[in-house]
């Protein structure tokens, strides 16, 4: 009877998970759709708080802090890049030391403090540079004022990074990846995570941006502050329903140990007889693997035979019976296989960076383009920073269509559980980014032609062309973002080892960060290469009409096309490690 009671108790517990009070999580009480729904509501408020400022920040820096167009654009991309890069820190801490539950709460409080600082600065004229005077150069923010601005901004960036690194995996962890139903629900969660992200963005780029432009930036920052503050009690309300993954050994420690051990043992093996572990195993325990089986063998199967797989063979040298140097570097087969999985994910992650470099233009040059055009919609004057409403609305429309119609249809056609694979989704998004940049170049050519014909090249007056032309590039890039972001989030989470899920999921946001940094680098390189004594750099000057933005967009189109070809190589080579994931 005692054994039967213990068996029933074990069957009702989520192995590797605890509740918010650090007690074992129960299968009939924790996790599931109810728990994930709190995460989705929180994501609406969190992205509202972040995007309300990020989408319009380029105008705030140029009009109120008196940065030049190029400097304000670079400051925005650096801020957004830092925020997303810090998602790696949030993911690392969630896997190694804290739960995603605690990292979200800490990060939300940090972002709240940053927004409070920005609200106070926007409200007080003494904390901003003096207003511009006629016939005198504007005074750019400096000294203590600049320090306050960047302290506030980068506290927000730190908070956003922690949230992005913890919230998506926290929601995904609520589903049982061992069952087909759980995997389908998890896939639906990622689709609706992007949907809710877009809902928050819709409110941000319409209502909050209108408030910033018409009522003052102190009110815009105030709304963001209230949104992130409100998200905390809503998140806490879901505490009784969450199952929280127990932190394990640091993923970076495992990766570093395997790489160092493989390198040192490789050097030592040239002068010693150290052999790879398990090579002495009896033939009966060694499975015969085809090339495809080598790639898709599950980690548990590999460890049960104590034989490392044949892919990325140089890492197998980390598994030796007698370590060449110290016992601390001795690695298990499972650790080696986990690192191999991460290594195989990295090329896919790297191929998404170029798309995010293109997306960076939506927050910088595209907003500045729209500011030169006729932004009236009937009697309503639309703020240029509200242009992202077009991709946001399209994402909100496409996400449920994709989940309820496209995926079920694809499952029937392909007779597979996924219907459309993660890599296929990412590939569709990358192809759309190529189309988007070609459209952006054509639209810019048209905009400059109108400015020339109207004789307004040297004037700041609105051009006689509607800003709806810019909507086309937003539409295609927004669609690309939906496919790539949702696909990469699910791909990273599903394929990553159990102990590295948060860190792997954070790669989706790190891709955004590197894309923004790359955008800044490309702008600087383009200006350096194209500028000389006879010609003005393509992306320099006080008037956007004198930029060669169309050439820049063609360059981005070519780079995106080359990146897409590069992605196809790695996507065709990649083999999914297993259908299920714990």
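Backbone N, Cα and C define each Cβ position, glycine as well.
In TrEMBL, annotation is done automatically, which means it is predicted and not curated.
Just so it is clear, the model here is predicted, and its values are computed rather than measured.
According to TrEMBL, the features are:
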TRANSMEM  31-52  transmembrane segment
TRANSMEM  72-94  transmembrane segment
TRANSMEM  101-122  transmembrane segment
TRANSMEM  142-163  transmembrane segment
TRANSMEM  189-211  transmembrane segment
TRANSMEM  217-238  transmembrane segment
TRANSMEM  345-365  transmembrane segment
TRANSMEM  385-406  transmembrane segment
TRANSMEM  426-445  transmembrane segment
TRANSMEM  465-489  transmembrane segment
TRANSMEM  509-531  transmembrane segment
TRANSMEM  551-570  transmembrane segment
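Most Cβ pairs within less than 8 Å of the transmembrane segment (551-570), among stretches 72-94, 101-122, 189-211, 426-445, 465-489, belong to 426-445. At the 8 Å Cβ cutoff, the transmembrane segment (426-445) and the transmembrane segment (72-94) share fewer than 3 close pairs (sequence separation 6 or more) and do not count as touching. The recorded stretches the transmembrane segment (142-163) and the transmembrane segment (72-94) share 3+ CB pairs below 8 A when only pairs 6 or more apart in sequence are counted, and are therefore in contact. Per-stretch counts of Cβ pairs under 8 Å to the transmembrane segment (217-238) identify 31-52 as the leading one among 31-52, 345-365, 385-406, 465-489, 509-531. The stretch in closest packing with the transmembrane segment (72-94), judged by the count of Cβ pairs under 8 Å and taken from 31-52, 101-122, 189-211, 345-365, 465-489, is 345-365.
Long-range Cβ contacts of the transmembrane segment (465-489) within its own chain (Cβ-Cβ under 8 Å, at least 6 residues beyond either end) map to 168, 172, 190-191, 193-194, 348-349, 352, 355, 358-359, 362, 366, 369-370, 373-375, 382, 384, 387-388, 390-392, 394-395, 398-399, 402, 422-426, 428-430, 432-433, 435-437, 439-440, 443, 446-447, 450, 505, 507-508, 511. In this chain, the transmembrane segment (509-531) touches the transmembrane segment (345-365); three or more CB pairs sit within less than 8 A of each other, excluding pairs fewer than 6 residues apart. Listed stretches 101-122, 189-211, 385-406, 509-531 were compared with the transmembrane segment (31-52); the greatest number of C-beta pairs under 8 angstroms is found for 189-211.
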